[in-house]
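K.L.:
Reproduced below are the annotations present in Swiss-Prot:
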BINDING   G12, G13, V14, A15, E39, R46, K51, R145, D146, D296, V314, Y344  FAD binding site
BINDING   G170, G171, Y172, I173, G174, M175, E176, E194, R200, G259, E312, H313, Y344  NAD(+) binding site
BINDING   Y172, I173, G174, M175, E176, R200, G259, E312, H313, Y344  NADP(+) binding site
BINDING   R318, R346  L-ascorbate binding site
TOPO_DOM  25-458  topological domain 'Peroxisomal'
TOPO_DOM  480-488  topological domain 'Cytoplasmic'
TRANSMEM  4-24  transmembrane segment
TRANSMEM  459-479  transmembrane segment
Amino acid sequence: MGRAFVYVILGGGVAAGYAALEFTRRGVSDGELCIISEEPVAPYERPALSKGFLLPEAPARLPSFHTCVGANDEKLTPKWYKDHGIELVLGTRVKSVDVRRKTLLSSTGETISYKFLIIATGARALKLEEFGVEGSDAENVCYLRDLADANRLATVIQSSSNGNAVVIGGGYIGMECAASLVINKINVTMVFPEAHCMARLFTPKIASLYEDYYRAKGVKFIKGTVLTSFEFDSNKKVTAVNLKDGSHLPADLVVVGIGIRPNTSLFEGQLTIEKGGIKVNSRMQSSDSSVYAIGDVATFPVKLFGEMRRLEHVDSARKSARHAVSAIMDPIKTGDFDYLPFFYSRVFAFSWQFYGDPTGDVVHFGEYEDGKSFGAYWVKKGHLVGSFLEGGTKEEYETISKATQLKPAVTIDLEELEREGLGFAHTVVSQQKVPEVKDIPSAEMVKQSASVVMIKKPLYVWHAATGVVVAASVAAFAFWYGRRRRRW
């Protein structure tokens, strides 16, 4: 027995939900679209799992964070899918895919065929066993990738109040889970091999400010070392962790966040794999024209930097999903996916956003002493390529986004750039209007050339310099095509 659909989305994470919403808005007919997911629930916003889901009071629970509430859009409950004629095949694993025949075989033995396939399989959490450490199956060792993981972690947290937790990893999951554990009145020690937290993105100066705040909340840091083994009680529950530097840490709970690996195994040998993900073009189309890939599993061209990237963040998942559906449903009017890499996080009283690429010379600016509002620029080969801001307003975040998208030449020295701070970004934007990047660029969009910014007088955050006169053609373009870019 088998079923046939025009469109099949394989995977049930964030990207799948946003793709489904885009399909309905582009006129998909009842019965044409199917979503196949190993999870037993409809697509949901994964960021909630390390934040609201772990709160000790009034924690977030489904259906409150089904997609697409994370972008202030519709909440896609199971009823929504039914009302729109979308087939949800949940709790089902696909054990093989035949790209040439355009078929999928489920673990139940059902064959599902498609005309177009969107791969939204995401990624899996790396396990300690892959690094030679046994014991991940202990009841108080927790990962956090899906709803089942979150439920397990929440249960262990409830039984560990005033106890000791060891968080392995200093990235997104480690930092956000550590904050949640503190809120739950658990003593936290973070362990990671790098010199500072969020090493792939933060500079040492930025990291030190966040680490100092965490320390003030009682969090301890052990850096430059790794976990080597666990100690267990008679019930095979972890009681302590041993580190390579000889440290011995008591543990009632262990949270592991040591990275992810894209779920590409079904397509290896059938589609081109690059940088760990499925290689796609600027329309999110793989080496097979009927197969698209979106979200964490996709390696796509980032036009701003002229190279292939695989990005692990919810914003990329949301926007790549919309673009892939646009390319399938309206190929003539859909242009290239012109994505500006974007990362953000909210922990304790902090809220930061980053745009672009954290490479090149770093210039810090703002009020690092009080930790309320500060930022950084990354300058590579004389151009602005990355911007970070903590504690900004919505308008300030939009400004650094637009400035980074322009990739302007920096003609002032770095010391002056530090003094200018946010004023530099304001000047970039005021001197040259940016055709704001749409979630789904149209084929008619014209790529604007990089701007050159020359600043003669110091500026302050609240005083944007007077913009230069923009050519009439550019002004007309901005009028017709410019519209506010959504950041949430």
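Cβ atoms here come from the backbone N, Cα and C positions, even for glycine.
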K.L.:
Determine the minimum-neighbour residue: among G12, G170, G174, G259, listed as binding-site residues, which Cβ has the fewest other Cβ atoms within 10 angstroms?
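P.N.:
Lowest Cβ count within 10 Å among the binding-site residues (G12, G170, G174, G259) is G259.
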K.L.:
Return the maximum Cα to Cα distance in Å (whole number) over the record's NAD(+)-binding residues: G170, G171, Y172, I173, G174, M175, E176, E194, R200, G259, E312, H313, Y344.
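P.N.:
That value is 21 Å for the farthest Cα pair.
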K.L.:
Within a 10 Å radius around the Cβ, which one of these binding-site residues has the most neighbouring Cβ atoms: K51, R200, H313, R318, R346?
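P.N.:
Max Cβ neighbours within 10 Å, all protein chains included: R318.
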K.L.:
What Cα-Cα separation, expressed in whole Å, is found between E39 (FAD binding site) and R346 (L-ascorbate binding site)?
P.N.:
26
K.L.:
Just the number: how many Å between the Cα atoms of Y172 (NAD(+) binding site) and G259 (NADP(+) binding site)?
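P.N.:
Here the two Cα atoms lie 9 Å apart.
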K.L.:
So what's the average pLDDT for the topological domain 'Cytoplasmic' (480-488)?
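P.N.:
In the predicted model, the topological domain 'Cytoplasmic' (480-488) has a mean pLDDT of 35.
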K.L.:
Looking at Cβ-Cβ distances, which residues of the chain lie under 8 angstroms from Y344 (NAD(+) binding site) while being 6 or more apart from it?
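P.N.:
Non-local contacts for Y344 (NAD(+) binding site): D315, S351, W352, Q353, F354.
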K.L.:
Relative to the Cα of E176 (NAD(+) binding site), which of the binding-site residues G12, V14, D146, G259, V314, R318 have a Cα no more than 10 Å away?
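P.N.:
Neighbours among binding-site residues: none.
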K.L.:
Cα-Cα, whole number of Å: G174 (NAD(+) binding site) versus G259 (NADP(+) binding site)?
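P.N.:
Their Cα atoms are separated by 10 Å.
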K.L.:
Please give me the binding-site residues out of G12, D146, G170, R200, G259, E312 that lie within 10 Å of R318 (L-ascorbate binding site), comparing Cα atoms only.
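P.N.:
Hits: none.
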K.L.:
Rank the binding-site residues V14, V314 by the number of other Cβ atoms within 10 Å of each Cβ and report the first-ranked residue.
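P.N.:
For the binding-site residues V14, V314, the Cβ with the most other Cβ atoms within 10 Å is V14.
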K.L.:
Hey, what's the widest CA-to-CA gap across G12, G13, V14, A15, E39, R46, K51, R145, D146, D296, V314, Y344, the FAD contacts in the record, in Å?
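P.N.:
Among the residues the record ties to FAD, max Cα distance equals 26 Å.
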K.L.:
How many Å separate the Cα atoms of R200 (NAD(+) binding site) and H313 (NADP(+) binding site)?
P.N.:
13
